[in-house]
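Notes follow the structure.
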Amino acid sequence: MFLAQPRGFCAGVVRAIEIVERALEKYGPPVYVRHEIVHNKYVVESLKAKGAIFVEELSEVPPKAVTVFSAHGVARSIEEEAAARDLPVLNATCPLVTKVHNQGKRYTSKGRTLILIGHAGHPEVEGTMGQVPGPVLLVQNLDDVAALTLPPETPVAYITQTTLSVDDTKDIIVALSKKFHDIEGPDTRDICYATQNRQSAVRQMSKLVDLILVVGANNSSNSNRLREIGTEAGIPSYLIADGSELDPAWLDGKKAVGITAGASAPEVLVDDVIEALRRIVPVTVSVLPGREENIEFVLPAELATA
């Protein structure tokens, strides 16, 4: 059995969870969180047990209650609603998501029409589209690019959802560059390091295994993409929440299993999957070499000394 490296929690997820935990310590429960803090049921249930209450709308938050915005970011209208209600807010938006917001604002301030490459309905996409003033055109695939009716001479710029890697977006960016004569976009070094690193690790691991298990939630965009990458490499790949979802039939005829985890999946769930495998077959675990991650994001000032 091989473990991909890196895997699991990224710095933005660690920061978001710590914000909720420190808020509970400093202010006491309940602390209200708009949307799942990260897309993982285990994490959400663990925080619920400590006193966090998860809501989808601010109208569900009582007056004066401490409120946390999830790692995915929110639209300006949500920020304005919270301010109008005088809710004490802790913003757990990933700093790399905030960076995308700021890039979009800079492009539109220069008079460019903004194109967002991302998944419709994803909370990060909804937040980004609501943060940038003016219209934002969402494209999910090459067909969406072909359907754009802007004149070719229109000054445009593009930004991308952070859970999409350079590899995920390169074909769309090429198509946009062919369609529009005046186009700007962020440096490829600006993409989310965690997305790129985890996808690259799965591609490398796929050369060594004949089965890939991705630990993560069904509603986790980056976890789903890791499974897709394994499948694209020709390796049977499955997304599972924990060891209870492991199907012994998947192991029939398999000699080497690879395990990775989405950016919002804690290592305890990886351990759970390994134990589930051990109950079926003898297991020797090897951690693959990979890019080391030492990035940390600062907490909001209100919690820095909590």
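Every residue number used here counts from 1 along the chain in the order it is shown.
Note that Cβ sites are derived from N, Cα and C of the backbone, with glycine treated the same way.
Fair warning: this is a prediction, and the values are worked out from it, not measured in the lab.
Record features (Swiss-Prot):
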| type | residues | note |
| --- | --- | --- |
| BINDING | Cys10, Cys94, Cys192 | [4Fe-4S] cluster binding site |
| BINDING | His39, His72, His122, Thr162, Ser220, Ser221, Asn222, Ser264 | (2E)-4-hydroxy-3-methylbut-2-enyl diphosphate binding site |
| BINDING | His39, His72, His122, Ser220, Ser221, Asn222, Ser264 | dimethylallyl diphosphate binding site |
| BINDING | His39, His72, His122, Ser220, Ser221, Asn222, Ser264 | isopentenyl diphosphate binding site |
| ACT_SITE | Glu124 | active site, proton donor |
Distance check against Glu124 (active site, proton donor) for the binding-site residues His72, Thr162, Ser264, keeping those with Cα within 10 Å: His72, Thr162
CB within-chain contacts under 8 A for Ser221 ((2E)-4-hydroxy-3-methylbut-2-enyl diphosphate binding site), separation at least 6: His39, His119, His122, Glu124, Gln161, Thr163
The residue listed as 'active site, proton donor' - helix vs strand vs coil (DSSP): helix
Among His72, Thr162, Ser220, Asn222, Ser264, which are recorded as binding-site residues, the nearest neighbour of Cys94 ([4Fe-4S] cluster binding site) by Cα: His72
Extent of the (2E)-4-hydroxy-3-methylbut-2-enyl diphosphate binding site in Å [max Cα distance among His39, His72, His122, Thr162, Ser220, Ser221, Asn222, Ser264]: 15
In the chain carrying Ser264 ((2E)-4-hydroxy-3-methylbut-2-enyl diphosphate binding site), residues 6 or more apart in sequence that have Cβ under 8 angstroms from it: Phe9, Val13, Val38, His39, Asn40, Val43, Gly216, Ala217, Ser220, Asn222, Ser223
Most Cβ neighbours inside 10 Å, all chains, among the binding-site residues Thr162, Asn222: Thr162
His72, His122 as binding-site residues, winner by CB count within 10 A: His72
Three-state secondary structure, Ser221 ((2E)-4-hydroxy-3-methylbut-2-enyl diphosphate binding site) (per DSSP): helix
